[in-house]
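Undergrad: Please see the structure below; I have some questions.
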Amino acid sequence: MNVTGGFISDERREIVQSASGSDISSKSPRSTQVQGKGSPVNHDRQSRSPIDGRPKKGGCGGKGTWGGLLDTDSSYALDPNDPNYDSSEEYGHPNARKSAPDFDAFKKKATIIVEEYFATDDVDSATNELKELAMPSYNYYFVKKLVSMAMDRHDHEKEMAAVLLSALYADVIDAPQVYRGFSKLVESADDLIVDIPDTVDILALFIARAVVDDILPPAFLKKQIALLPNDSKGVEVLERAEKGYLAAPMHAEIIERRWRVSKKTVEDVKARINNLLIEYATSGDKKEAYRCIKDLKVPFFHHEIVKRALVMAMERRQAEDRLLDLLKEVAEEGLINSSQITKGFDRMIDTIEDLSLDIPNAQRILKSLISKATSDGWLCASSLRSLSLEPRKKLLEDNFTRTFKLKSQSIVQEYFLTGDISEVFSCLEAENRTSSGELNAIFVKRLITLAMDRKNREKEMASVLLSSLCFPADDVVNGFVMLIESADDTALDNPVVVEDLAMFLARAVVDEVLAPQHLEEVGSQFLGTDSIGGKVLQMAKSLLKARLSGERILRCWGGGGSSRPGWAVEDVKHKIGKLLEEYESGGDIREAYRCIKELGMPFFHHEVVKKAMVMVMEKKNDRLWGLLAHCFGSGLITMNQMTKGFSRVEESLDDLAL
């Protein structure tokens, strides 16, 4: 800068004038004179007048101008609806003094509304209270608060939160505010996980539910992933929502029913079905019967309506035509689908011998009902089991079997408390001395049924016990068939029964309790992809086909094939290397066998085979051959794992040759 005699040069004055838009040349030269040495700012005299002496628009031009190019004045107002708005700027902004208290007040009131809603379950009251706040620009915070509070509560409150969000969407909270609320939740996942260990899974399920309920666009997941650091928990949340929930077969039904706490028991539903059929048989009011069936909201249990209607038609011959007419109409209208109709008739065929004790000529009457239904076109007789053949082989239903069922329940409940597998062995040997396959299947069914009604810890324990029992594969298959046959009843108390059974079935394959071909044997008992068995089989196959399925399924309930938390793959490889080195240097074969077994990762035994063979090749010590032979002979390492281990060595021969 060229300073001459304490004044700004004409050249510099033109530059400043062009930048500020003010008419510097019109001012007195004295106003720009440098007062002594140094910066003029250091010696600027402040006016004591209360009047603001600054020119209008900050000295940056008058009407029709754009203001100063170098303007850094922060007198602008924050607009919450601005796309670039960031709430974190409010507290550092000088003009946020008025909006900050409003936001603080909104946060307190939002918390109160959520707490009252969880206490009362009154959607209308919560909606009206949020409307009365009249602060729509802060509704994103209400979304965040509602979900974050629900995450730390039971499934009932989680379902309530999802229902309230759907009710508020569009009418009270607009789409951008919902979008922003979930964005804030994903961004804060790293903080939430400190207080809520299951944050990744729970928040992922909330996001998936929002997508299924059409209050959040599917594109939200990919857009948010692009905005987050790769190592953040938010990325895990979004990937879990997309791959773990939204990509699963029948994801919408599973997600919607995940948190629903069923208030209906099987007996309650059966009683309601019985009452509506009695009322219809008396009044003949089809519309009322149709409405009652619809209100039950148990489409997977409609076979019970068919069965009870047929029994009533056999008992009350005068009401036969009326009841068949009702079944015909609900079948034609699609209220009861064909698979449920068929299943109802099949259940009648299975119980015809018992019915014959109370209803004379029960078999003849049932044949007549089947003939009428077929001729009217609402039943496909070819899909039914034959009445002329012997009924399917049934499980023992004598007093001994009923006693075994009760004792099985006690054994399993005791195991869940103690985790003592050896005690289970002892009890089963005492109760099932003949090693009956039918009783083994009953125990498998009882074990998994009780585990499905409990937490992940018990589910993991059930899988560990199942792999330790060494039941014949056919007995385990029969146990799963029985589980699937009763899945319709179980679904009343456990809405995700299909998902649970599929995971147990896939886990049994990974643990090599069952071979992959046994899945087809289970599926052959349940024809059609719409049947419960078809859905379970399809989901189990999908789980097994996924990348790294063995490791993922083994840790599906938080374990690692044992009651302890699972190890990482690298840790397992390190442990295998250590135990083989110890054995190779003179260790005990029984100790090595025990260590391999305690790894609890039968699907990874091929790593033992591979490492043992490499050590034999490197050190030319045949001692490890004896260990492999012992493990193979005892069944600890299966033929499949042994073959896979040899194959892996063959694939890496070129590298080993170096």
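Numbers here mean position along the shown chain, with the first residue as 1.
Note that Cβ sites are derived from N, Cα and C of the backbone, with glycine treated the same way.
If you look up TrEMBL, you'll see 1-100 marked as region 'Disordered'. Marked as compositional bias 'Polar residues' by TrEMBL: 17-36. Annotation source TrEMBL lists compositional bias 'Basic and acidic residues' at 42-55. Per TrEMBL, compositional bias 'Gly residues' is recorded for 58-67. Residues or ranges marked as domain 'MI' by TrEMBL: 105-226, 268-389, 403-524, 571-658.
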Undergrad: On the 0 to 100 pLDDT scale, where does the domain 'MI' (105-226) sit on average?
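TA: Value for the domain 'MI' (105-226), mean pLDDT as a whole number: 91.
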Undergrad: For the domain 'MI' (268-389), what are the DSSP-based totals of helix, strand and coil residues?
TA: 98 helix, 0 strand, 24 coil
Undergrad: May I have the DSSP-based helix, strand and coil counts for the residues of the domain 'MI' (571-658)?
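TA: Across the domain 'MI' (571-658), DSSP assigns the residues as follows: 71 helix, 0 strand, 17 coil.
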Undergrad: Looking only at the domain 'MI' (403-524), what are its DSSP counts of helix, strand and coil residues?
TA: 98 helix, 0 strand, 24 coil
